[in-house]
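What follows is a set of notes on a single structure, which appears directly below.
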């Protein structure tokens, strides 16, 4: 019986050697080790053995089983691995084909720039104030030290609706509204973004509707040096720490002293280029110390408080920032234009 | 104002300061200079020549052959094409080797077989703006004055060796509309003194009296504080001296005749506009300053007949108006070649009145632009004397003694109290008393010291813009240098900045939309009258607000509805083959019910949305997905969800104008007074689609104020369920008209508290269901928060749901 077992082992191992697929391997496993397999068949003859022989034969039988199982397992693993390889190969895809990109829209570049500016000033402790686009002559002009027939009104030809109501020509009326709302309290620290309108013929650099952001600070001891400090901080956060500013005396009816502000040319870094007309400087905003008459209209005593104000055109900032050639692109809403501003 | 550098140097020493340096200095000091063009655009080796003879060219009709003495060793033979060249003329001659603007170099040449040793030049060929020259001189060569010396360099003769400072003046600095004003400014910046012109009064007669020839009366005294006139007899009209013409041309003013040129010259010098009347045409030797009479007309010097209004100030003689005060003279009293006697006017007219008249007539002149900013009352007489003296010297006239004038009032000088502490307090500087008084004195301000650090400052009359202490603070600051002002942080209590609720929501809406692939647009708020009518429900009852003077019909009213501008944007894109569009805009509409505004309109913030083409384009592995109603609705739902408004929002079928009647919903927000329509979402009506040349387009417009007010940003956290849910599907057959939303709402009502969620997962129509029927499949989710549900509980609720659907909608369970 022992010989039969040994013979079975040899035969099984021989046949297993040549097996080359999983199905045949399974057939062999059933053939040798299955319930009705060869091994079982031989062991059925155990009944005829003596009590001494039985454990010995039993051990041999177990060894034979173990040997066959081990080879089967090895073979099985080999076949599994080959099968996996085959499957992975079959599943291979072309990873260079485009992915499924979710559609992404862009915030309009003007709003994108405005939000950026707003965020900088929010970080500096400013609130955002808004006001109506249709304004009274009083808020738009008179309260800002621009009485009727003032020559400075020529600087901004306006869209009137009636003699007393017009489309605001700047966001400055929001300054007056804010002051009145504050009712004499200090400090006032706001920026006022919004649409404004002027009777300009549209061309590459002019649009009859455009956007402004103005700032207003009022307190008991606000100085022009604070204005310079504020603008420098803003410009550096907006364009980078290397930026410089330069103030030039100018005129606005609502500020005195008044200044126009140049910044280091964002394109050439001050070296001089076509954009800055070789000066190294780009004008980006106007500013000044709030005129006493404006403070009075806002309900403040110019002997008690001082303030500064500044204003900039969002279009101009965006044109410079993105080097856009024509202001009219902002209002044509061509999606090929708009989509370019989706980046963070 | 264009300022000749050479001319300016007559009033102040400019040695050591180049025109560019001067421009930089002035700009940094507050007088902006855009450009400093050289007057010489590239002329060299051009001299004065004398045309000794002119012969016809043997082989060319239009050419002539001139013999020219140009101060060279021999006479030159020059072929010339200008019709006006003549023997006996002095002319500009470009010698061989000369250069002309545009890079032209003159060479010895043969023209139709005749040698030409140079070129006789026109003004334009010398780079001079010939629009400033009389017509006849624009056509041909430029004959020079007889007294010009042969061989002299043309650059010197025409003062082309000069640069022009182009001043871009702010309205407050009208004092710099004069050479003297600029000289004072330069003086303040450099510390060098101003040299005033000498009005050679010794030239005036001592016998003949002006008052014997002209009487002045000022009727409209409130609009004319001074009117002064001199009388000049026996003038000979001719060209002004070349040096004066050169200066006028440099300033951009056309030379006309000696008398007119002198008035312009002195205007440029002093900033005081002047006018010369032909005394022979002034009836009664009388000058009246009065308001125009009803129906009065005047032909102004430009030949246009002007209808005058009774508010307009005129200069009149005993019979008629002869000039528009401060704006333009009348043709009826114009100085002509026959004129011999002159009434010369120098006056101060009210700026507002001049401005109003010139605007109303659309007539702006060098004079009006100065008067309307108020001229210096201190220079009216000085300028008059200066001009009269020039007329005596250059026009051969005799100036009568004295001035015929009415001085209504002489303004008192402006005196301002100024404190050092105010200056340093406003600027953040630490200037000393000495520094401040030095700076202001340089401007010619009189500084009277009070106690330490306090002054009484007397402002010179030329600086009408200085009226209070802050104006002086600015003068100090700009002379001290804005660059020298320190840079400081704001002192005082800190403040926190934040967005308001509305601002934060606006940004959130932008995020929701852009993250869903929608582009943000910004459209004009001014639109056409037609667009207001397209969506009456969205325009509500508002009347479009009209601009008084629109620039075009397309932009004549304020928009009452947002969608038309988005439709235009869509058309614009489609015509550029941008076929797949998803656009939104957050903006305002302007509503008022008044026919004529007396109050400000309501500015209502809104969100508008437009989808057309595909919401997802085709790829190598997927089909394109065309936009439909549910894309537009879904975007709104996403937005409302983000704002915590989903529970309060319902969509109901609606048929507003401009929308597809079967594919539109009113968006309702549950408010304090029940659900209120806050906008619409739907397909654009086919008529409008056609009008805008659009394919199927889906739009929405939503009122944002209620959204801002009711948005709920609080996140209410609920613990995760600990017990499993039970799901039941249900398919019912109902009439086509039954709304899915109504079914889910009814189910929520009937199912009881155990129902956690119900959603539609399929809608099916087919022949097997019968005409007008549809099958709606719904998924119901049940859960109990504290225990596992029993089958019986779910079945009981499910049965109630079914009964409710049968009773309310005639629904049949689909088998």
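Cβ atoms here come from the backbone N, Cα and C positions, even for glycine.
Feature annotation from TrEMBL assigns domain 'TRNA-binding' to B:40-155. Annotation source TrEMBL lists domain 'B5' at B:411-487. Taken from TrEMBL, the feature Mg(2+) binding site applies to B:465, B:471, B:474, B:475. The domain 'FDX-ACB' feature in TrEMBL is assigned to B:721-814.
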List of residues, in chain order, with Cβ under 8 A from that of residue B:471 (Mg(2+) binding site) and at least 6 apart: B:416, B:465
Sparsest-packed of the listed binding-site residues (B:465, B:474, B:475) - C-beta count within 10 angstroms: B:465
Segment confidence, the domain 'FDX-ACB' (B:721-814), expressed as mean pLDDT: 92
For the domain 'B5' (B:411-487), the number of residues DSSP places in helix, strand and coil: 33 helix, 16 strand, 28 coil
Per-state residue totals over the domain 'TRNA-binding' (B:40-155) - DSSP helix, strand, coil: 13 helix, 47 strand, 56 coil
